[in-house]
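Taking it in order: structure first as structure tokens, then the write-up.
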Amino acid sequence: MRARFLPLLARQWQWRYQGSSSSGARRGCCGCHLCGETRRGLAAAAARWWHAGRRGFVASAESGAKGEMESTMKEIRGCGAPCVLDMDDAATVGGGVEDTYGEDRATEEQLVTPWTVSVASGYNLLRDPRYNKGLAFTEKERETHYLRGLLPPIVISQELQERKIMHNIRQYQLPLQRYMAMMDLQEGNERLFYKLLIDNVEELLPIVYTPTVGEACQKYGSIFSRPQGLYISLKEKGKILEVLKNWPERSIQVIVVTDGERILGLGDLGCQGMGIPVGKLSLYTALGGVRPSACLPITLDVGTNNEELLKDEFYIGLRQRRATGQEYADFLHEFMAAVKQNYGEKVLIQFEDFANHNAFDLLARYGTTHLVFNDDIQGTASVVLAGLVAALKLVGGTLAEHTYLFLGAGEAGTGIAELIALEMSRQTKKPIDECRKKIWLVDSKGLIVSARKESLQHFKKPWAHEHEHVSNLLDAVNAIKPTVLIGTSGKGQTFTQEVVEAISSFNEMPIILALSNPTSQAECTAEQAYTWSKGRAVFATGSPFDPVEYNGKIHVPGQANNAYIFPGFGLGVVMSGAIRVHDDMLLAASEALAQQVTQENFDKGLIYPPFSNIRKISAHIAANVAAKAYELGLASRRPRPKDLVKYAESCMYSPIYRNYR
């Protein structure tokens with residue numbers, strides 16, 4: 001284990017000396033028990049390491065500092081006996097990664113000490129978002145941590161704070177104002193931010209994630225106030241490992257990284273795409289329970305081809321056109337190697353909003369050497385497959401008995417199509433090439449057919465089937481006669497009235513999924529889908545839409561949101577210690593999500609469960625993913641927990657305030 005330098009407390013720590021035990025201390029040791037001289041010496045050592053360049057040193061000494069720590073202990077105690085401070089195994093929760101800050105649900109009742117370099121107190125404690133509790137500090141805590149006079153005299157509960165903040169947020173008229181208020185809260189009081197998000201997830205999810213996060217990225221330069229995450233630009237080429245070491249946390253479990261080239265359906269936003277990794281990791285914590293201290297958002301700034309941003313005086317990124325070709329590949333390779341060197345084999349790297357040509361190449365190149373996951377390709381596919389499996393309980397039939405037509409043949413469209421074909425092959429035992437023939441894709445040039453194969457990008461070629469040329473979506477619908485219509489085009493209002501009426505004419509209950517984000521880019525609205533299909537469509541979107549009344553019946557559109565999948569998927573990977581992502585793990589996630597849809601949901605026409613139960617859903621997804629990782633021999637965490645669902649729940653971050661010593 002890594003040497004730990006933080007809570008020098010008998011309940012969580014123990015001295016481990018060489019030799020056999022004797023009178024509470026091991027033979028050959030001076031038997032010191034954290035005397036004043038010891039504490040002063042350790043503090044001096046911490047200061048030396050800090051000023052030597054270990055910025056952000058919060059509570060851990062890297063394994064390389066272990067020898068220096070031993071030397072410091074020998075010097076302090078005046079003896080030659082080796083002495084190493086280790087964390088007690090009993091205090092380790094959450095997939096085997098030390099829960100240094102007592103953030104897991106399993107540690108809610110423990111007293112914690114608010115350490116930074118020293119014990120945080122006074123003004124600094126109020127400015128530390130991890131430990132700040134605002135007016136919820138108790139009288140005893142105010143006395144112990146020198147907060148007298150720095151706060152009004154009233155002591156209020158976290159619940160009252162939550163009600164007050166929600167009241168204030170609801171006063172804002174614009175979603176972007178609410179987004180900024182939430183970001184301010186995250187920077188000032190981390191636990192209250194996550195408590196608010198968890199308890200009000202259905203109301204706040206559209207604020208911290210799509211669709212509002214899209215507008216936030218567009219205006220990120222104007223609203224930028226305080227950095228969140230790491231910005232690694234071409235200026236740092238050759239020094240990326242050093243940049244990673246500037247981040248204060250060492251035990252990182254999940255990284256979300258983007259180069260900002262294809263942000264939602266908004267295009268190239270360059271460095272301002274940072275809003276996506278920040279938002280995604282907020283959901284990893286709120287919905288999946290991954291500790292915030294174990295999450296790292298990263299933007300790789302390789303320039304932008306967005307002329308408006310290059311001319312914008314408030315743009316925060318490099319003012320140059322995008323690096324491409326070998327320069328880009330070398331930069332990404334250095335980044336991937338540095339991440340593995342700095343954080344180890346088992347850090348999950350989630351690629352986010354890379355352009356199609358890079359997204360597929362990165363996944364293919366690093367899928368066998370790193371623990372990587374592309375949410376746009378794999379996460380979207382998993383959540384859509386879950387919705388289709390659930391929808392079959394409404395419309396009948398099996399996956400193989402339906403015909404699928406996609407508008408959009410990029411990373412999302414082809415990723416979904418491939419996972420559907422994979423599950424179809426698994427169910428029918430037929431070759432995957434044969435299963436692909438049930439799935440058709442339309443891109444900007446029309447239906448993808450064999451006659452176009454030579455000119456197609458490599459990821460489109462498996463979907464080029466024998467058929468005459470069809471130039472537009474409406475003609476493709478009439479020619480293919482699909483039972484399922486899926487939009488991943490990133491272009492709004494492309495499911496026209498003629499298209500919806502056409503698919504409804506030969507299907508009693510057509511499945512229509514308008515998945516493009518944000519809301520403005522959805523292929524059609526919920527009202528349009530239900531009206532044009534005369535209330536018969538089984539409908540879901542990527543961004544949220546309000547319920548629609550048609551002929552006296554309330555139709556509630558489902559939301560095929562990746563947030564159903566990636567938080568639970570990530571937790572399952574982390575808690576099992578998986579070393580690679582396998583397609584079967586994605587299928588396991590889809591299966592778990594589909595099983596969470598109840599009859600009550602089906603009665604409303606829903607093919608996804610409500611987000612109000614998302615933590616329970618994530619625990620089941622994590623358990624299914626972990627079980628598949630163990631089955632495939634990809635899990636390194638031993639022994640395997642007996643009850644994976646309960647173990648997942650115990651690993652989840654809890655936003656409840658802790659009591660301080």
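Cβ atoms here come from the backbone N, Cα and C positions, even for glycine.
Here is what TrEMBL records for this protein:
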type: DOMAIN; residues: 186-367; note: domain 'Malic enzyme N-terminal'
type: ACT_SITE; residues: Tyr209; note: active site, proton donor
type: BINDING; residues: Arg262, Asn517, Asn561; note: (S)-malate binding site
type: ACT_SITE; residues: Lys280; note: active site, proton acceptor
type: BINDING; residues: Glu352, Asp353, Asp376; note: divalent metal cation binding site
type: DOMAIN; residues: 377-630; note: domain 'Malic enzyme NAD-binding'
Original post:
Which recorded positions (Lys280, Glu352, Asp353, Asp376) fall within 10 Å of Asn561 ((S)-malate binding site) by Cα distance?
Top reply: none
Original post:
Restricting the comparison to the recorded positions Tyr209, Asp353, Asp376, which residue's C-alpha is spatially nearest the C-alpha of Arg262 ((S)-malate binding site)?
Top reply: Asp353
Original post:
Roughly where does the domain 'Malic enzyme N-terminal' (186-367) sit in mean pLDDT, to the nearest integer?
Top reply: 95
Original post:
In the same chain, outside Glu352, Asp353, Asp376, whose C-beta lies within 8 angstroms of the Cβ mean position for the divalent metal cation site?
Top reply: Thr258, Arg262, Ile263, Ile276, Phe351, Phe354, Ala359, Asn374, Asp375
Original post:
What recorded positions among Tyr209, Glu352, Asp376, Asn517 are found with a C-alpha within 10 angstroms of that of Lys280 (active site, proton acceptor)?
Top reply: Tyr209, Glu352
**OP:** Taking the residues Arg262, Asn517, Asn561, which the record names as binding (S)-malate, find the longest CA to CA distance and state it in Å to the nearest whole number.
**Re:** 18
Original post:
When you measure from the Cβ of the residue listed as 'active site, proton donor', how many other Cβ atoms are you left with inside 10 Å?
Top reply: 27
**OP:** Mind giving me a neighbour count for Arg262 ((S)-malate binding site)? Other Cβ atoms within 10 Å of its Cβ, every protein chain shown.
**Re:** 23
Original post:
Over all shown protein chains, what is the count of other CB atoms within 10 A of the CB belonging to Asn561 ((S)-malate binding site)?
Top reply: 26
Subject >> Around the Cβ of Glu352 (divalent metal cation binding site), the count of other Cβ atoms that are within 10 Å >> reply: 28
Original post:
For Asp353 (divalent metal cation binding site), which residues in the same chain are close in space, meaning a Cβ under 8 Å from its Cβ, but six or more apart along the sequence?
Top reply: Thr258, Asp259, Gly260, Glu261, Arg262, Ile263, Leu264, Gly273, Ile276, Asp376
Original post:
From the Cα of Asn517 ((S)-malate binding site) across to the Cα of Glu352 (divalent metal cation binding site), what is the distance in angstrom?
Top reply: 14
Subject >> Cβ-Cβ distance under 8 Å to Asn517 ((S)-malate binding site), same chain, at least six residues away >> reply: Thr210, Pro211, Gly214, Leu264, Gly265, Gly542, Ser543
**OP:** For Lys280 (active site, proton acceptor), list the number of other Cβ atoms lying within 10 Å of its Cβ atom.
**Re:** 27
